[in-house]
Structures are given as C-alpha cells and as structure tokens.
C-alpha cells in the first residue's frame, strides 16, 4: 500500500509534465488543425537554455528561468514564421513534414553544440523532500504539481474570462468567421505558438532536474504527450490534462511492476489500445469531415 | 502534398515505347553492374544506393501516391535486414527462405499498424509510426539473447549464385529495376488510381465506390514490404547489421530522400537516394561533428517542403512537360460511344424507401423521423428552407453519417449500416454541393474512377472503362475536353464532371446535392436540360435544391422538410401550394387567411 501511494505521487508528478506538453499540443492543434511534431523540442530547448544560464553562466535560478522563458517566446515566434506560417494554406501533410524537419534540425543542432552527454541541472529547492507518513514527497515533484495546478487555473481564467482568450477561442473554432469579425487571425495564431512554446518550455525547465537535460528528452516527452491527448480525446483541453496524469501513473506502475527497460514502451501500448478500442478518447467526440 | 503524378494520359498512350526504353535502360544497368569491375568502395556505394532505393520507392507509393505518412521505414528496413541476418547466421536457414520470412514479418507489421491507425487520419499515423520505430529500436537493443543487442549480427553470407559482390550487386540492381517498373506503372492501375483518388479527396473516393480504408492499408503494407525487401538485400550486401543502422534518424533520411527526389515518381526515389548517399560521401568532414549532418537534413526537409514541394525530379519533369507540350502531338480521339445507363434489374416499384430516419447531433435533431420513398424512374425533389435537414438527410443516405434511428432500403436492399463505398456498389451515385473532384487528375480519369467500382456491370478492362468514361463526359457535353486537368474547368463544368462521374458508375439512384448552387442562369438552363435527358434514360433521381424553378421544372414528386421533419409530400402543384410549405418558406402573419 505504501508503495502504491509512493508510485501514485511520482506518477502524478511526471504525468503533470506530460499534461503541460499535451496542453501545448492541443492549443496549437485547435488553432491550426495540425499536430506540431516539434512540440517536445520546446521543452528540450528550454531545458538547454536553463543549462546555459544557470550552469554554464552560473546565474541565479529565478533569473535563468525568466530568461529561458523569454527565449522560448522568441523561439515560438521564429518557429511559427519559419515552420508553420508559410505553409498555412497547404494541406496538413507538408506542415507535419515541416515540423518533423524542425524537430530533427533543433535536436541535432543541440547535439552538435553540446554533444551526446546528458547535462545535469540542480533541483530548485535545497531540501530534496520530506516524508508524510510512509510516503516520501520529492520537492521537485511537488513543485511540478503545484505549477501545473496554477497554470491550468490561469489558463481557464484566461480563455474564459478575458477578451484575448475569447478571441483565441473564436480563432480556433472558425478562422474565416473570426477574421470577418475583425479578429487578427495571424496574430492569434502567433500568440498560440508563443503560449504553447512557453508552457512546453516551463514543463522542460521543471522536469530537467529529474530527467537530465538531453537531446532525446524532446522526442520522449512529445510521444508521451501525444499519447496523453489520444487518451483524453484529441483536441480536448481537459482531456489532455487528465490523459497526461493517467499516462504518468500507468507508466510509473508499469516500470515498477512489469519492466524498466521497456518503460517508454507503455505509452505506445496504451496509445495503440486506445486507437483500436476507443479512438475518440475518454472525452472526445468523433469528428467527421463535413460533406 | 498536391503533387501531380507524372503519368499523364499522353504518357500512357506511349506506354509500349516507354516500356521498351525502360527495359533497355534496366538491361544496360544490370549488364554494367554485372560486368564492369568497380573498386570495393564504389561497389559499396552502389549496393547501398540500390537497396535504399527499393525502400524509398515504398515511400513513393505511400506518400506520393496515397498521401499517407510513414516515419518508420527504417524499422521495416531493419526487420527485413534482421530476418536475413539472424536467419542465416543463428538459425542456418537458406537466404531465400529468410527473405520470405522477413517479407511476411514486415507485411504483417505494416498491415497491423495501418489497419489500427489509418482510419483516424494522418496525424495519428505519423505519431504511431514514430512510436513503432522506437519500439523496434528498443527491442533490437534490449532483447540481447535473440538480437545480439547493440553488437548487431555479423558474418551474414550471400546466396549461392551471388556470392561475389559484383554478382550480388547485379542481383540488387535487377530487383530495383523490377520494383521500379511496378511502382512506375502503379498509378495507372485500378489500385494506383484508387490511391490517388484517396489522396486527392477521401470523401469523394468513398462515394465513388472506393474502399478508402483498404486502399490506405494496402498502400501502407506495400510500403512496408518494399522497406523489408530493401533491408533484406542490404543485409546480404554488407554482411553486418546493427540497431543504429535502422534508427529513427534513418527513417528521416529515407523521408528526406523521397522528398528531395520527388514523391511522384520512382525516378525521384532513385535520384533522391543517390544524391543523399553521394553528398555525405563528398562532405565527409560534416560527419566529424555529431548531429551537424542530421541537422542539415532537418533543415533540408523544411526547405524542400517550402520551396520545392515536387522534389528535383518533379521540377525537371514539369520543365520537360512544358517544353514538350509546345511541340506536342494532338492526342488521338476516338469517337465517343453513346452512354448506356443500366441500373439495377430490381422490380420493386420503389427504388428508395426511407423510414423513420433520424440524425441527432447531441441535442440538435437535424433530421427527426423522416419517411419518404422514391418511385422507380421518377425525378424526386427534397426541398426545405435553410437548416431544414436536407443535406444531413443526403449525407445519411449516402453513408457519410450514421443515422440515429430509422432504416434506408435501396432497391430492396437494407443499406442502413453500410459504409459509403458499399452503397455505391449497391447502386447509389451522388454529387456534392461543394464540388469534390480529384484535383490532380484529368476529367476522364475522374470519371474512370467513378466507373471502376465492382457493382458496375461493365467490362473492367482499361479500354472499356476509358470508353465508358468518355461516353459519360460526352453525355454531359464535355467529351472534347476529356483529357484536360479538372482544375482547368469552370465551376459549372466541374459540376458536370461530377455528374458524369456518378453516371459512369451505372447508379440505380442518382443523388444530386444542390446541383444548381453557384451556377449562372445559362448554366442552370443547361443543367435542367441535362437532368431531363438523364430522366429520359429512365434513371431515378433524388435532387435537393433551393432553386424552385429548377425543382418544379424537373421534379415529378416533391418532399418538403422543415426543422428535420417532413411537412409535405406529393406532386409539385399541390405541395408548393400547401399552406405549411408556404409558411415555411415565406413565413406567416398570425391573422392571415389561408
């Protein structure tokens, strides 16, 4: 029982990271109707920026985090202009291929600059964690969970209660109508990319002390986040969060009770099971092309 | 990707000549490979180019022809290579048996992946193939007792006849030539046409009688098969295989090869493969910095997609086509035969019976318990104000939406639960309000696809289908423009091509979804005349439209919907004067006397 609680805590912690990245996935998907296959690299790039600022330059943690997030905002702009925007009138296939190209480009640029050795980033807090009863609460995991809760609450408020949020929602639902109403659609898509890069980056910064900072982290996280969106129902915001948490828990239990080397395989297994038996996910509705 | 496959009708007419040239070229290549002695370095490069090209042609089929993505080609390549490596080295099996086992394995894996994901659309397929690629790599590295782990398998021998590198290279080039020929001819075969139709417009393909799901899975399985074949040949060529040769990065290399060369043609596959094997050899210094080389690949992928979507070969063939057409020979035109329409031989007086049909979207009852029937040989109109549920009804009738309740009987057959292509085979033909043609094809190719479904009682030989398609185009008045690309036609004429496509399939019932929408008044008159000519041939028509002049001009029977329910049904005069209908269209004043 103690082990179960312990695994549950760890699973929810790592699942929060998947949830954040999945959230970024879903926002871009809703705004542009394409899946961004370089989503995981948002986290990877932010983590490397943290290594540059906090480790290589030795700047304070909070300053490094702020600068990294600032860098991610710029990255989101460049990404949109270089990878998505020129292809916005083409079908989804060229866009997917272009985001895959971006993922390969960024990953291997980092490899060329930093080499294959994983980088280490120290946790935020000096106290590594504490016990509540039999369960050991790691402070980094606690921080991840807390930030995720705050961010989800913020996003709810932002989309439901601000004008900008409403405009973003309108854009994702019907671009043509939105532009007829005077909403600058291109700007809204730009904001979506920047916001998505920011939450992906935040997830990367938070998870870096746990996973190590490596060029593979982007691809791994993206695969998990995608599986999370399938579990939750494609394009569904709440589904992405719950799917991410569920996947974190499943994976942690799988690693503990089944097999460690194949830990990353569980996401794939869950993905395929859902695709075969419940492709619309837990909350999604099946969308059919309109005639 | 909206690439035009390079098999134009003109190219097809010159096919025997092309075939001759191809065989001659292939024979020279094989002869050269078999007799000219290269040094070992060149032999290795050629061997790699030949085996990779086979795998890249798989991507030509799945991506170029069918518009589906596969990011696990290196995994399929690796499965084929490991089948040969492990089979010959660890289990002492015959080389050919191992190739066979490898092909069965990749075919099964490809079909399973395709069948489980493809119906969900491209994004899923992309992610699932990435996952599959990673699983295969994980297993190759970690299942050490079977796969030898990261060390790989060495000492793979070649089959008896081809033990020298020279002979084996000649063998690989022969296989490449055969595969290249098949992939080159595929677009003009029924399967290849179905793939192109699916790539251009899935919904139209299914309504034209194509099993979209099966076509995509087939394309995917062929791709996997060619990947496995290339890998099996590769293992024999290099005598050593290890997991890092078949990683995700290699899948990206395969993808870059096909994109760079051009997805539309097997020649593109060879060009792209050759270049991407040679360029890194010339730029060896790039490999000294890990990652740099792949980073350039990533950048190349983005740049190709942005600036050269048809690849090098696509660009060249576009250029030669433009050059060629200037001196072009006018195509020979056969005199079009008259279009024969023979729908079903059914005897029921009603061709279509709809009972209690309902379609609810959440709380919205778009169609709410509608019943009507269409008499054989009649022109029946379904009308109603905007939002009355007409188009939803049509989409349920043609199988695009599943009904919430009710039943649909077509010519005595219950089709309520059949998918769209099965209904087409059962005798349904339809057109779309917003035109859905296969945009990269000519008019006649579009119509051939409509004629090709198995329910059509005409000969399936190509010349017979071609003749029928031309007859259908002549019937709608476009016979002399049959070989033009559909995108060169006006909106009104595109609609006529859609009607021709439906007619060519010999439907028992023709569904027309707002055929007059967007037409000018002359075109509407032409349309009316056409509908009367179709009706005169005895074909049953169900038409949905807003245009009252058209409807009252052609229809013998009218059903009126409002708010998803039937409010009137009968002959035009009585229906159009029915008080509920007048109210529905014009509104009513509370105290107005009827």
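Cβ atoms are placed via backbone N, Cα and C, with glycine included.
Predicted, not measured: the structure shown is a model, and the values here were computed from it.
Of the listed segments B:187-212, B:291-316, TrEMBL assigns transmembrane segment to B:291-316. Between the transmembrane segment (B:125-145) and the transmembrane segment (B:54-81), three or more CB pairs separated by 6 or more residues in sequence fall under 8 Å, so the two stretches touch.
A contact between the transmembrane segment (B:219-240) and the transmembrane segment (B:93-113) is present, since 3 or more of their C-beta pairs, 6 or more residues apart, lie under 8 Å.
If you take every residue in the domain 'ABC transporter' (B:352-588) and average the pLDDT, you get 87. Same-chain neighbours of the transmembrane segment (B:252-279): 1, 3-6, 45, 48-49, 52-53, 55-57, 59-60, 63-64, 71, 73-74, 77, 176, 179-180, 183-184, 294, 297-298, 300-301, 304-305, 310-315, 317, counting only residues six or more beyond its ends whose CB sits under 8 Å from a CB of the stretch. Beyond its flanks by at least six residues, the transmembrane segment (B:54-81) meets 1, 3, 5, 99, 102-103, 105-106, 109-110, 113, 118, 122, 125-126, 129-130, 132-133, 136-137, 140, 175-176, 179-180, 183, 186-187, 192, 195-196, 198-200, 215-216, 219-220, 222-235, 241, 243, 245-255, 257-258, 261-266, 268-270, 272-273 of its own chain at Cβ-Cβ distances under 8 Å. Same-chain neighbours of the transmembrane segment (B:20-42): 165-167, 169-170, 172-174, 177, 180-181, 184, counting only residues six or more beyond its ends whose CB sits under 8 Å from a CB of the stretch.
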